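*Asks:* Encoded as structure tokens, here's the structure I'll be asking about.
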Amino acid sequence: MFSPMALRPRCAKWLIVTGLFLMLGACVEKPSTLERVKEDGVLRVVTRNSPATYFQDRNGETGFEYELVKRFADDLGVELKIETADNLDDLFDQLGQPKGPVLAAAGLVSSEQRKQQVRFSHPYLEVTPQVIYRNGRSRPTTAQDLVGKHIMVLKGSTHAEQLAELKLKYPGIEYEESDAVEVVDLLRMVDEGQIDLTLVDSNELAMNQVYFPNVRVAFDLGDARSQSWAVAAGDDNSLLNEINSFLDKVEKNGTLQRLKDRYYGHVDVLGYVGAYTFAQHLQQRLPKYEKHFKASAKQEKLDWRLLAAVGYQESMWQAEVTSKTGVRGLMMLTQNTAQAMGVSNRLDPKQSISGGAKYLAYIKEQLDDKIEEPDRTWFALAAYNVGTGHLDDARKLAEKEGLNPNKWLDVKKMLPRLSQKQWYSKTRYGYARGGEPVHFVANIRRYYDILTWVTQPQLEGDQVAEGNLHVPGVNKTKPPEENPPL
């Protein structure tokens with residue numbers, strides 16, 4: 001016979017057991033953000049698609065932010081997965097979404113408004129906000145001069161925040177925020193006169209100004225600010241703490257400085273006249289020799305754009321030139337080098353380019369195995385200019401000074417010492433104009449950057465047509481010089 005009284009002890013037991021399971025479940029902690037990243041084996045990062053942050057060229061993914069965050073992923077022992085945001089609002093929206101990016105590495109500047117959305121890491125790069133105008137037009141020099149100008153900035157940027165604050169003091173300031181453009185587009189619009197002014201950070205201008213010969217800095221809008229990575233405001237501290245430890249480490253061991261040098265250590269070497277002249281020659285001279293650069297580079301397993309950059313540095317792509325020291329031709333080969341590389345006529349552009357390619361490839365092959373890319377390329381270029389003997393002397397000086405003889409950032413500091421008696425008197429190969437290879441390499445790196453940029457359609461959108469290289473500003477009349485470059 002069923003008895004309700006007999007059921008009570010059973011129910012009590014079940015309630016106790018169920019309660020214990022619930023308590024045990026509550027005691028199991030949710031894995032931290034860092035633990036989830038390591039368990040998944042993937043670091044999901046959101047960034048911007050721009051030359052200063054992340055882009056893809058024929059060699060794959062690249063960019064300052066990409067290289068830095070790739071090192072962080074490698075440090076964690078996980079795969080890096082990059083997502084690109086359509087605009088800044090999209091970037092912040094993606095951050096922290098379920099199964100979405102856990103980190104934003106996009107050259108972000110911290111601000112009080114942004115701190116309501118995200119938390120920022122330790123800083124890793126200092127930049128200055130700059131007002132940009134077109135050469136030949138009236139140059140603004142103060143915030144009040146922004147009144148009445150057609151200004152456009154990135155929507156959701158700290159530059160928009162700055163303009164909003166200025167508008168409180170100068171109500172006549174009007175500006176447009178756009179989520180359909182990137183920094184490159186804003187600079188192009190100033191260059192072509194579509195807008196009067198824009199605001200960009202100094203690092204992005206430095207990387208892009210050479211492509212836009214007409215743009216100038218009007219004035220700095222405020223003090224320098226720091227760029228940082230960002231994580232979602234609601235996340236725990238685990239990933240942010242790991243990021244900060246990583247950034248502190250790469251700052252101390254020199255990795256961060258070498259990365260800065262790779263991307264920003266050569267960007268200001270051309271100046272206005274050099275940039276404009278190179279842009280002209282890119283269209284007028286390069287087409288005559290492009291097939292030879294490509295063929296010789298393929299033969300020697302080099303990047304044809306690097307080889308072309310060397311040719312421009314040597315002769316400005318002129319085939320029949322002779323220097324006062326006797327080097328001749330498009331690649332400015334010495335008689336001995338020409339003979340060694342099988343060049344019978346140094347003034348024949350095809351032979352000259354072939355000889356230069358063989359010589360550069362030969363130098364790269366002879367370098368110390370401890371020198372890795374990209375430093376290996378910069379060392380080879382320096383040796384192409386000053387000779388392997390003097391380069392070895394500079395490496396030994398670097399080692400004596402406690403620097404790394406296998407890093408271009410360190411060795412380029414030693415090369416100028418080869419022209420100072422107190423230093424070259426202690427070397428095997430003696431005096432050299434050691435400053436020349438430093439400038440030689442810096443110029444070639446800049447020319448190479450431009451050649452890479454204009455041969456990548458995705459970087460310039462519809463401006464670059466297949467087989468028809470375009471450099472902004474090239475087809476325009478040379479702008480007036482009454483406003484000197486800053």
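Glycine is no exception: its Cβ is also placed from the backbone N, Cα and C atoms.
Per Swiss-Prot, the features are:
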SIGNAL    1-26  signal peptide
REGION    27-267  region 'Non-LT domain'
REGION    268-486  region 'LT domain'
ACT_SITE  GLU314  active site
REGION    464-486  region 'Disordered'
*Asks:* Using DSSP with the three-state reduction, classify the residue listed as 'active site' as helix, strand or coil.
*Replies:* helix
*Asks:* So what sits near the residue listed as 'active site' in its own chain, CB-to-CB under 8 Å and at least six residues off in sequence?
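*Replies:* Once residues fewer than 6 apart are set aside, the residue listed as 'active site' is near LEU330, MET331, MET332, GLY356.
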*Asks:* What is the pLDDT of the region 'LT domain' (268-486) when averaged and given as a whole number?
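*Replies:* Summarising the region 'LT domain' (268-486) by its mean pLDDT gives 83.
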